[in-house]
Amino acid sequence: AIAAVITFLILFTIFGNALVILAVLTSRSLRAPQNLFLVSLAAADILVATLIIPFSLANELLGYWYFWRTWCEVYLALDVLFCTSSIVHLCAISLDRYWAVSRALEYNSKRTPRRIKFIILIVWLIAAVISLPPLIYKGDQGPQPLARPQCKLNQEAWYILASSIGSFFAPCLIMILVYLRIYLIAKRSHCRGPRAKGGPGERESKQPHPVPGEVSDSAKLPTLASQLATPGEANGCSQPRPGEKGDGETPEAPGTPALPPSWPAIPKSGQGQKEGVCGSSPEEEAEEEEEEGCEPQALPASPASACSPPLQQPQGSRVLATLRGQVLLGRGTGTAGAQWWRRRTQLSREKRFTFVLAVVIGVFVLCWFPFFFSYSLGAICPQHCKVPHGLF
C-alpha cells in the first residue's frame, strides 16, 4: 500500500511540475520574468521525484541500502541539494513578492529576466554549499554490517544543526516575516483608498470653483480663459446671442441660457475689459496686452468672415484662469490618475498571487517541519530526546 501511494505521488509530481514548465514556456501570458522562479522550482521538484524518492522508497522497503556505496554518498548530497534548493526557491519567491508589492513601479522596471536568472543561480549555489560538506567530510560513520549496509545522513551535530538552519529554519523565518509584511502593506493600502494615494478625486476636489454671479479676479483681466466663455467672443469678436441686446441695454433676457458654473464669468463692458485685435491669435493678444496694451477696436460688420473659429474646451479638463493653466491641469490630473490606477491594478494582481503562494508555502512548511524538528532534536540531545525510527 505504501509503495502504491508513493508511486502515485512520484508520477503526480513529475506530471504536475512538467505541466507547470510547459505552461510557462509556451503561454504568452505566463512569460513574465518572475515566472522563471516557478520553472526552476518545478525542475528541482522533478529531480527530487526522479532521483531521490525512488531510492528512498527502495531503502525503506528493503531495510538496507541495496545500491552501490558511492551512489549512496552522491544520493545523500543530491537529496540535500534538491530539497534545499526547493525551500530556498520559495524564500526567493517570497522576497520577490515583497519587493513587487512594496515598490511596484520601481521594482517592475528592474525585474528583468537576467536579474531573475542571477537570483536563481544564487539559490542553487546556496543549496550546493549546504549539500557539499557530506561529500568532503564524511565524519565517523561507525561500523557497517556487510549483509545489510545502511545509507544515512551525516550524524555530526555541527552539520545537522548547520544544514537544518540553512535549509529550513532560516528560509522559513524569512518567509513568515516577509508574508506578514506583505499582509500589513496590503491591509494599509486597502484602508487608505484613492485619497491617501493622492488620487485624482482628491486633486480635483482641491481646485477652485467660481461662484455664480461673482466676477473673479482672473476674469477681470483680459486672460485667455475669458475668450473660452462663448464662441462668438473668442479672439475679441462678439456675436449677439438669442435674447441678448446690444451694449448699453439689458444684458440678457430672462430666457437666455446661462453659462456653465465651471466657466469663468465674463466681464461686461464698462468693467475694465479690453477687447483685442480681431483675427489675432490668443498668444499674440496676451503678449500685446502685457507689453503695450491693446487699444479698443471697432467691430467689423461681418463677424463670421473676420473672426477665427472659436476655441474649444479640451475634453475632460477643467477651466481655470488661463488656457495654458487649464491644459496643464488636465494633463497632470490625467497622468496622476493613470499612474494611480496602474499601481492599484498591479497591487491587486500581486496580492492575489501572494495569497496563492502563501497557501502553498504554508502547506510546504507543515510538511517539512516535522522532519527538520526531529532531525535537529537528535543532534541537540541524542540520548534523552531520541526520536523513534518509525516516526522519523
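The backbone N, Cα and C atoms fix where each Cβ goes, glycine too.
The feature compositional bias 'Acidic residues' is assigned by Swiss-Prot to 282-294. Here Swiss-Prot flags Cys72-Cys151 as disulfide bond, drawing on sequence analysis. Here Swiss-Prot flags 193-315 as region 'Disordered'. Under the heading site 'Implicated in ligand binding', Swiss-Prot lists Asp79. For Ser163, Ser167, the entry in Swiss-Prot reads site 'Implicated in catechol agonist binding'. The topological domain 'Cytoplasmic' annotation in Swiss-Prot covers 26-36, 96-117, 181-356 and rests on similarity to another entry.
Recorded features from Swiss-Prot, shown on the structure.
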| residue | record | Cβ contacts under 8 Å, 6 or more apart |
| --- | --- | --- |
| Cys72 | disulfide bond | Trp65, Pro149, Cys151 |
| Asp79 | site 'Implicated in ligand binding' | Val48, Ile52, Ser56, Ser131, Leu153 |
| Ser163 | site 'Implicated in catechol agonist binding' | Val80, Thr84, Ile130, Pro133, Asn154 |
| Ser167 | site 'Implicated in catechol agonist binding' | Val80, Cys83, Thr84, Ile87, Val88, Ala127, Ile130, Phe372 |
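Residue density at Cys151 (disulfide bond): 19 other Cβ atoms are found within 10 A of its Cβ, drawing on all protein chains shown. Long-range neighbours of the topological domain 'Cytoplasmic' (26-36) within the same chain, counting only residues 6 or more positions beyond its ends whose Cβ lies under 8 Å from a Cβ of the stretch, are 93, 96, 100, 111-113, 115-117, 120.
Note on the topological domain 'Cytoplasmic' (181-356): its mean pLDDT in the predicted model is 51. Counting residue by residue with DSSP, the topological domain 'Cytoplasmic' (26-36) contains 8 helix, 0 strand, 3 coil. Each residue of the topological domain 'Cytoplasmic' (96-117) gets a DSSP state, and the totals for helix, strand and coil are 19 helix, 0 strand, 3 coil.
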